[in-house]
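What TrEMBL says about this protein:
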- A:29-53: transmembrane segment (TRANSMEM)
- A:73-97: transmembrane segment (TRANSMEM)
- A:74-275: domain 'ABC transmembrane type-1' (DOMAIN)
- A:109-133: transmembrane segment (TRANSMEM)
- A:153-173: transmembrane segment (TRANSMEM)
- A:204-225: transmembrane segment (TRANSMEM)
- A:305-328: transmembrane segment (TRANSMEM)
- A:348-371: transmembrane segment (TRANSMEM)
- A:348-547: domain 'ABC transmembrane type-1' (DOMAIN)
- A:392-416: transmembrane segment (TRANSMEM)
- A:422-439: transmembrane segment (TRANSMEM)
- A:475-493: transmembrane segment (TRANSMEM)
- A:529-549: transmembrane segment (TRANSMEM)
């Protein structure tokens with residue numbers, strides 16, 4: 001009798017602990033939500049299995065010496081991450097404040113322009129900087145007669161500069177979303193207490209936008225850690241270069257590359273876990289609908305203030321596009337024969353189509369994870385959310401090869417060749433790859449918005465008799481919309497420029513802007529990249545408008 | 001004719017290009033204003049049907065620039081002698097010369113209405129790694145890549161089938177070390193030099209002698225460029241690490257100038273900024289095509305890493321159920337017409353001796369490349385380490 005009672009009590013205890021682990025007793029958390037979030041996390045982690053399989057083929061002594069030899073480049077990688085993240089925050093946060101909270105002229109225009117550098121592929125941006133400032137570069141040559149010495153662009157300085165210029169929009173967009181949701185009456189309250197803006201910013205605004213700033217900073221850090229192109233072009237020896245060299249060495253190289261990728265993922269896991277200590281916001285609820293009503297009048301500085309975004313976009317947009325145009329003109333003058341089908345506008349359409357699909361799919365999967373982890377402090381909620389970040393740090397080539405293996409080889413073995421043929425090189429598979437790569441961008445941006453929602457508001461809605469689903473739709477969703485849309489914008493832009501996974505997994509015959517740019521660059525016809533790169537920037541800019549103009553007026 | 005020093009022969013050829021007399025013979029549009037119209041023109045060209053090079057079919061494949069004019073006689077298996085291409089073929093492209101390969105595939109589809117090819121392009125290493133990951137489940141029938149290392153890597157995984165000897169026989173042995181793949185077009189390492197500033201005899205015959213030659217300080221290179229790293233890899237393997245380190249250090253000490261890529265190096269040579277440089281051979285030809293009067297010429301060292309020839313090549317995948325069609329496709333790549341296409345449009349080295357390279361360069365069997373297994377070129381890791389050690393990367 002007693003034993004049965006104990007067992008019952010024990011199983012009740014286990015169930016209790018499980019409920020706590022899953023956060024099922026937290027407000028707004030339901031079993032389907034937990035299961036869904038867990039499934040999403042598992043799906044995006046699945047390519048890791050391939051990495052483990054391949055890496056396990058590396059003999060132990062070789063593995064140890066490989067890992068041992070990566071010490072220096074590892075320190076280099078961490079230095080790069082630290083510099084780029086700090087610089088991006090220093091650049092992104094003021095620009096967000098300027099475009100959301102002040103009466104800067106043409107704010108809508110600047111918002112789009114400031115977010116756009118994210119779409120410049122690193123192989124375009126870094127190449128432009130090398131050909132402008134590098135040895136024998138166009139600008140270096142032009143300025144030399146005036147005695148202007150351009151500092152060395154290679155190495156940590158140049159790499160960090162170029163990376164920062166093209167990734168700070170992560171911080172800008174996430175911070176902007178948080179600022180949009182900021183309840184300006186709080187600032188007015190601070191003002192009535194005779195607190196100046198700077199002081200109010202530090203004491204009232206900053207604590208509330210901190211989760212968003214750290215979310216953006218984390219995306220920047222992980223991007224800097226996993227970027228292939230910029231460090232290799234700017235000749236800075238980082239971890240990804242080792243992976244690249246191994247991948248290009250064939251033979252054991254592929255297995256070595258996966259081993260190194262796992263090492264990179266381990267570091268990522270540490271960074272992601274550490275970030276959650278600073279990042280996870282305090283209960284700083286805000287309950288305002290998105291608004292960017294100007295709160296600060298710049299006065300006489302209103303027009304001069306445009307210098308800051310103008311200067312930034314000169315270096316992030318005008319310079320690369322200008323250099324490409326110069327190449328274009330030179331190539332025309334040289335008139336060498338160019339093969340390949342000429343540029344088609346359909347490429348731009350393909351790019352927008354697949355980027356929109358990726359943004360929509362990512363968003364649909366990000367909202368449950370973000371909502372679950374924003375509402376619940378349970379261990380499992382934390383794990384599910386943090387797990388989504390791992391795919392982001394997986395180099396695109398490695399991820400793509402993992403999916404090649406699963407969707408061709410493995411699917412054919414399990415379900416027969418016809419199933420593999422249907423899945424492999426299909427559009428859904430490509431979109432899935434984008435989701436794995438970019439889910440954390442949407443999760444990070446959305447989650448910081450969920451954290452900002454005042455639980456008391458939801459409680460009030462419930463008390464008024466609204467069922468949870470309607471509370472989510474009518475109260476939560478409008479409040480988190482700016483963050484969710486910022487996440488969509490991030491995914492859209494990064495998908496537009498993603499090269500490696502697109503090249504390896506695209507449906508045959510599906511040419512996008514970046515694969516076209518790759519095709520002409522690969523043949524050494526740099527000038528031919530000018531038009532498609534320009535189209536990439538303009539089309540992305542236009543596509544951003546619906547995402548970024550929300551919350552303009554109250 | 002062939003004993004004549006190549007540079008002299010070339011200069012004469014370039015001069016003859018300028019004379020209107022020869023231009024008409026090529027039959028692809030006449031007098032200097034022709035455009036690259038596949039099959040388009042031919043309306044107002046009063047060619048007398050010159051039997052070898054005025055052929056309508058050749059003009060379809062031949063490029064249009066100055067370098068493609070006044071071609072010598074061409075021999076080799078003609079497309080009309082090959083079996084017809086019929087059916088669908090999936091071709092993985094590693095690289096693809098900025099779309100030239102796609103254009104060629106389109107041309108073959110035009111010739112054979114029942115032939116449909118689906119190309120998929122990615123980087124050479126990406127394509128090889130993709131094929132290896134796919135294994136037997138690959139949808140590809142043919143792997144056609146601009147880098148020998150990628151072909152060798154796929155062949156090493158037992159994913160290719162042997163090509164019949166009639167396919168590989170016309171190609172010199174060093175460009176198909178076995179029958180698993182065959183070279184389709186080559187790119188030679190060369191030393192472009194400014195003909196106003198330097199005489200060919202001043203350039204050493206041995207690349208290892210360059211640091212002490214007195215011209216090293218007026219030379220340029222592009223250390224970040226893949227083909228340059230392949231050249232250093234070949235040097236590292238044939239001469240050893242120490243000799244290679246000393247060689248790089250010697251060039252640096254002499255004051256060599258760095259450029260972003262080898263097209264810039266070749267341009268700087270033509271402009272007189274440099275007396276000579278290190279580059280793939282076709283960059284000098286691109287400069288020549290744009291500026292026929294530019295004082296640039298090519299020198300080749302002998303039997304060393306500086307004379308390395310890397311090739312693009314093709315392999316038939318063993319998982320393909322279309323072995324015969326795939327082999328016939330490779331046969332087409334080695335036909336006289338297609339070799340002429342690579343020679344006159346990509347300025348590549350043709351793989352069959354019957355088709356000369358443009359610009360009066362020595363033919364493929366007249367060059368003296370080192371004895372070297374091209375598959376080893378993919379081992380760039382130690383090369384990059386070495387270059388970093390010396391400080392050029």
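Cβ coordinates come from backbone N, Cα and C, glycine included.
Please treat TrEMBL annotations as automatic predictions, because they have not gone through curation.
The stretch in A:73-97, A:153-173, A:348-371, A:392-416 that contributes the largest number of Cβ pairs under 8 Å to the transmembrane segment (A:29-53) is A:392-416. The stretches the transmembrane segment (A:348-371) and the transmembrane segment (A:73-97) do not meet in space: the count of Cβ pairs below 8 angstroms, excluding pairs fewer than 6 apart in sequence, stays at fewer than three. Within the same chain, residues 114, 156, 159-160, 163-164, 167-172, 175-176, 179, 201, 213, 216-217, 220-221, 224-225, 231, 236-242, 267, 271, 308-309, 312 sit at least 6 positions outside the transmembrane segment (A:73-97) and bring their C-beta atoms closer than 8 Å to a C-beta of that stretch.
In summary, the transmembrane segment (A:392-416) does not lie against the transmembrane segment (A:475-493): fewer than three C-beta pairs, each 6 or more positions apart in sequence, are under 8 Å. If you count C-beta pairs under 8 angstroms between the transmembrane segment (A:109-133) and each of A:305-328, A:422-439, A:529-549, the highest count goes to A:305-328.
Across the candidate stretches A:153-173, A:305-328, A:475-493, the maximum count of CB pairs under 8 A to the transmembrane segment (A:529-549) is reached by A:305-328. Here the transmembrane segment (A:305-328) has Cβ contacts under 8 Å with residues 91, 94-95, 98-99, 102, 104-106, 110, 113-114, 116-117, 120, 124-125, 127-129, 131-132, 138, 165-166, 298, 526-531, 533-534, 537 of the same chain, all six or more residues outside its ends. Beyond the transmembrane segment (A:153-173), the same-chain residues lying 6 or more positions past its ends with a Cβ under 8 Å from any Cβ of the stretch are 76, 79-80, 83-84, 87-89, 91-93, 95-96, 114-118, 120, 122, 125-126, 129-130, 133-134, 137, 213, 216-217, 219-220, 223-224, 227, 230-231, 234-236, 238, 312, 315-316, 441, 445, 486, 489-490, 493.
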